[in-house]
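**Student:** Grabbed the feature section from TrEMBL, which reads as follows:
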DOMAIN    4-138  domain 'Alanine dehydrogenase/pyridine nucleotide transhydrogenase N-terminal'
TRANSMEM  330-348  transmembrane segment
TRANSMEM  360-377  transmembrane segment
TRANSMEM  383-403  transmembrane segment
TRANSMEM  415-435  transmembrane segment
TRANSMEM  447-468  transmembrane segment
TRANSMEM  480-504  transmembrane segment
TRANSMEM  510-533  transmembrane segment
TRANSMEM  565-584  transmembrane segment
Amino acid sequence: MIIGVVKETLSYENRIPLLPETAEKYKKLGLQVYVENGMGNSIHIEDAAYIKAGAEIKSRAEVLQQSDIVAGIRKPADDKILHMKAGSLHISFLDAFNEKDLLNRLAEKKINSISMEFVPRITRAQKMDALSSQTNIGGYYAVMLAASHLSKVLPMMMTAAGTISPARVFIIGVGVAGLQAIATAKRLGARVEAFDTRAVVEEQVQSLGAKFVKIDIGETGQTKDGYARELTPEQLEKQREGMKKILSQSDIVVTTAQVFGKKAPVLLTADMVQAMRPGSIVVDMAVETGGNVEGSKLNQTVNINGVTIIGEANLPGRAAVNSSQLMSEGILVSAAYIIASVLFIVGLKKLGSPESAKTGNALSALGMFIAVAVTLFDQHILTYEWILLGVVIGSAVGVALAYMTPMTSMPQMVALLNGFGGAASVLVAAAEVVLNGTENSGIGYNTAVYLTILIGAVTFTGSVIAFLKLGEYISGKPMVFVGQNIINSVIVAALLLLGVLYVFEVLPEQTANILIAITAVSLILGVLSVIPIGGADMPVVIALLNSYSGLAGAAAGFILLNSVLIVSGSLVGASGIILTNIMCKSMNRSIFNVLFSGFGSVKSSGKTEKFTGEVKPISVSDAYLILEAASSVVIVPGYGMAVSQAQHAVRELADKLEKNGADVKYAIHPVAGRMPGHMNVLLAEANISYDMLFEPDLVNPTMETVDVCIVIGANDVVNPAAKSVPSSPLYGMPVIDADRAKTIFILKRSMGTGFSGVDNPLFFADNTRMVFGDAKTTLNGLVAEFKQS
């Protein structure tokens, strides 16, 4: 992927979107960087510095035509749009609310766009908040510019000839720019006063040593994004009247008030300027969006009755080096998150085909590496020691589990990892609430916290129960008790009530206790949701819990306003739901049934029927004689193959059968084994072609023509009672019609039932032959017979 940058065309714009040190970071992330020749001249950076950082110097047209991502400062000019390729991405300040025609031109050219002023103003997104970083520098320069025009000094001075009073500075609008202007004026020794329609900023003004001016204009407040709300005409008039006395006493006035996406309000009318004393200075920082001062002109300094009004645009450009550095870092984070998200999506798409699955896995891994690396680089981290400790401990545990966990225990491992994901989301939500308190509170934020804790906690305890069942630390059979459905209903109702109390802040003084209650009840719900599930449904459980872990992560992304976490969590959640739906269909179940009906619990009209009959065992040598004459063979793998690690022996036997002229197919049931895709993973490990794997609906119609069906450790997925015995817990579940084959070999250690605990009448069928023993040993014996023939 190529990211390109070109020079800005505005004559007064000295900032650049990319510094050499940031270009070097892009290269380390695996990106190509194209830079227009001479781009850094405005801040005295030569092309050689970019070349040293790994970038390529090209002409303006080449950069625009070849780049996948084009970063800039200002909205793109027509020539820039003309040369950019369709499907590329443009990142800059677009002034999207006021530039509808520009957006239409970008859309017509099929150019995707990100407007940097829409980056959320929260702690976690500070590096990406280029708007705040630029206005911060603008606030500093507004005071410095005013001081350079003022005919008196700012600080109080005591001399032999007398004492000089400090200059009086009045800041209107206490946002990022206003706060920096206050701090700068105080550092220069001025007497500073400030006004804002948001009373909540009074404490911030006072913390900087300035006086907060109170003007009663009625109810105001701020938006959920932290911006001041637009005032009514009546409120504006009250504000102007309240400021007149202070204006008449001020030496410097800095106006910073802007309404996001709208024309700047006029705060100083012509008569207010007339009332100011001659020699005073006014800096209108909102001049580019219409201006706060009546009479100010863009990029001009005017004098009205001795009052100097400065309307200079692009104040951040006066510190072009620092502004470019901050802008460059902001674009880096945004671009990296976009790239990571694209890699996730493309990687997932490629996982849909065996031929491209390895590439898809590699792309997804690269995307995750970029996301983690940029997150560590981006966030305001007080200390990396704890992070390093977590990485070391987590890596050690992960490596140890990977080496110690046999393939037969992989389902338990997957269940445990799902649980870790849910727990991590809960901890993230809790940490954010503890760290930020009510700073980001609101219905949207509170909903994200509630859903993260609810889904994450259910995922955690549900996964722990699944782990214990799969590992046979507790019984794999459904655990049901009297009143279970009533208790579950009460718990769900309690969670809904607690959710309403928390999201809408009905009891604000009890917020912490409500969150603790939500967490505790959600943990209980996770346990009660999984204990009634029987062993046959475990693959569905794992797929569903995997989806839950993704949804919890996506919800946590909304708390942090982290786009890459939202994208990755949504992909996991959606793919998990799709897989769950596929598996439910293969079991003749609905997702609604899975979610709300205590799935896995036995719903039988009577006692489960016991099957008896004559068992017909057969030796390996006799089985070989039948196989040697077979022209069509279907192999049905199950958990028994996983236990004995017989996948390579299966491949070797299939090769011998094909060499002998037989047509060999593998019938794979979606819920065979203990996790989604369990058999596919094992057979892929043995390099068995994906083209040889068939789902039940593809192999069942031809099963009557199959000479031999070899069932290796599978039980429930070939149980004919699912088709013909209404009292069976498996009744209605689609199965592989192994019973219709001419001869059936069942490779088992004993006559025991499957994980569901349901008897299988197939064992007693006339065309069934039981080959007792370890599956791997049996298969190796058959291979040996073929080799000796």
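Numbers here mean position along the shown chain, with the first residue as 1.
The backbone N, Cα and C atoms fix where each Cβ goes, glycine too.
Those TrEMBL annotations? Automatic predictions, nothing curated.
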**Student:** Can you tell me which parts of the same chain pack against the transmembrane segment (447-468), counting only residues 6+ beyond its ends and a CB-CB cutoff under 8 A?
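**Tutor:** The answer is 412, 415-416, 418-419, 421-426, 428-430, 432-433, 474, 495, 499, 502-503, 515, 518-519, 522-527, 529-531, 533, 538, 541-542, 545, 548-549, 551-552, 555-556, 558-559.
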**Student:** For the transmembrane segment (480-504), could you work out the same-chain residues 6 or more beyond its ends whose Cβ comes under 8 Å from its Cβ atoms?
**Tutor:** 443, 446-447, 449-450, 454, 510-511, 514-515, 517-518, 521-522, 524-525, 528-529, 532, 598, 601-602
**Student:** So how many of the residues in the domain 'Alanine dehydrogenase/pyridine nucleotide transhydrogenase N-terminal' (4-138) end up helix, strand or coil by DSSP?
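**Tutor:** Helix, strand, coil within the domain 'Alanine dehydrogenase/pyridine nucleotide transhydrogenase N-terminal' (4-138): 60 helix, 21 strand, 54 coil.
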**Student:** Based on Cβ pairs under 8 Å, which of the stretches 383-403, 510-533, 565-584 lies most in contact with the transmembrane segment (330-348)?
**Tutor:** 565-584
**Student:** Limited to the domain 'Alanine dehydrogenase/pyridine nucleotide transhydrogenase N-terminal' (4-138), I'd like the whole-number average of pLDDT.
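**Tutor:** Average per-residue pLDDT within the domain 'Alanine dehydrogenase/pyridine nucleotide transhydrogenase N-terminal' (4-138): 87.
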**Student:** Is the transmembrane segment (383-403) packed against any residues at least 6 beyond its ends, judged by a Cβ distance under 8 Å, and which are they?
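**Tutor:** Same-chain contacts beyond the ends: 376, 413.
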